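Copied over from TrEMBL, here are the features:
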- His9, His11, Glu102, Asp213: divalent metal cation 1 binding site (BINDING)
- His139, His163: divalent metal cation 2 binding site (BINDING)
Amino acid sequence: MPIAVVDNHTHLDIEREGVAVDVADLLARAKAVGVDRVVQIGCDLPAARQTVEMIDTYAAMLGGVALHPNEVPGLAASGSLDAAYEEIEELAQHPRVRVVGETGLDYFRTGPEGRDVQHESFRWHIDLAKRLDKALQIHDRDAHADVMRILEEEGAPNSTVLHCFSGDLTMAQECAERGYYLSFAGTVTFKNAHGLRDALSVTPLDRLLVETDAPYLTPHPHRGAVNAPHLVPLTVRAMAATLGVAVPTLCEALSENSERVYGPW
Ligand SMILES: [Zn+2]
């Protein structure tokens, strides 16, 4: 990348094909191609604890902690949701945890019986982000209307990010009007992702972020392989082509937006 960019959402705590990640090596490989910083997201209690350890070790890394919407029904069923909230709130106080996330709604992997508790948890995380003045990162899978409604009802935090944006053009416009940030992942490079590229094409430059969601969602032409932050440039170049802007112009915007959302580091 001609100007260094940030991978806004990555999971370097997750094993790759059964092998633990060499975090220092992955960060070095990313830096070598102009991805100089990452936002590490821990989305259950063990991952959130690990995230706090990792941000203390690696200066290039900020952290996010939350209970993923697919984790919440199980925690509620076992009676441990309140204790989990308490620990997330404690971990989120760390000065380099700058994100509450990923929280949100997932109607794909969780059935209708899990929706009430997902809604309640989403509202709790929105409130936490506002109380601690951290950015909010939202996971939204097949739940666009309810995500937008609940954000409106609760009042969104100052920095609200739709991670791995998956909405259509109309939703992208609505998000931009409300001042939310749209973080695009490798999915935007997929051959059949015409609707997603239409959404990207109407998103103002000052609302855009880029991410890997590694180890998932590897961009074309490596789709299906294990993802990592050093593959972000593939997504950035595809985004620039869709937007019709020069790569350095987009990189500058992505970099500025990341610092505006999370603060400098
Ligand atoms: Zn994720």
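Any Cβ shown, glycine's included, is placed from N, Cα and C.
Automated prediction, rather than curation, is the source of TrEMBL annotations.
From a predicted model like this one, the values you see are computed outputs, not experimental measurements.
Structure coloured by features recorded in TrEMBL.
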| residue | record | DSSP (3 states) |
| --- | --- | --- |
| His9 | divalent metal cation 1 binding site | strand |
| Glu102 | divalent metal cation 1 binding site | strand |
| His139 | divalent metal cation 2 binding site | strand |
| His163 | divalent metal cation 2 binding site | coil |
| Asp213 | divalent metal cation 1 binding site | coil |
For this session: Enumerate the residues of the same chain, His9, His11, Glu102, Asp213 excluded, that satisfy the criterion Cβ within 8 A of the mean position of the Cβ atoms of the recorded divalent metal cation 1 site; list them in sequence order.
Result: Thr10, Ile41, Cys43, Gln137, His139, His163, Cys164, Glu211, Thr212, Ala214, Tyr216
For this session: Determine the minimum-neighbour residue: among His11, His139, listed as binding-site residues, which Cβ has the fewest other Cβ atoms within 10 angstroms?
Result: His11
Problem set entry | Other CB atoms within 10 A, centred on His9 (divalent metal cation 1 binding site) | 27
Exercise. Given His163 (divalent metal cation 2 binding site) and His9 (divalent metal cation 1 binding site), what distance in Å do their CA atoms have, once rounded to a whole number?
Worked result: 7
Exercise. Cα distance, His139 (divalent metal cation 2 binding site) to His11 (divalent metal cation 1 binding site), nearest Å?
Worked result: 14
Exercise. Looking at the binding-site residues Glu102, Asp213, which one has the fewest other Cβ atoms within 10 Å of its own Cβ?
Worked result: Asp213
Seminar exercise, completed: Taking all protein chains shown into account, the Cβ-based neighbour count within 10 Å for His163 (divalent metal cation 2 binding site) is 28
Seminar exercise, completed: One should report the C-alpha separation between Asp213 (divalent metal cation 1 binding site) and His139 (divalent metal cation 2 binding site), rounded to whole angstrom, as 11
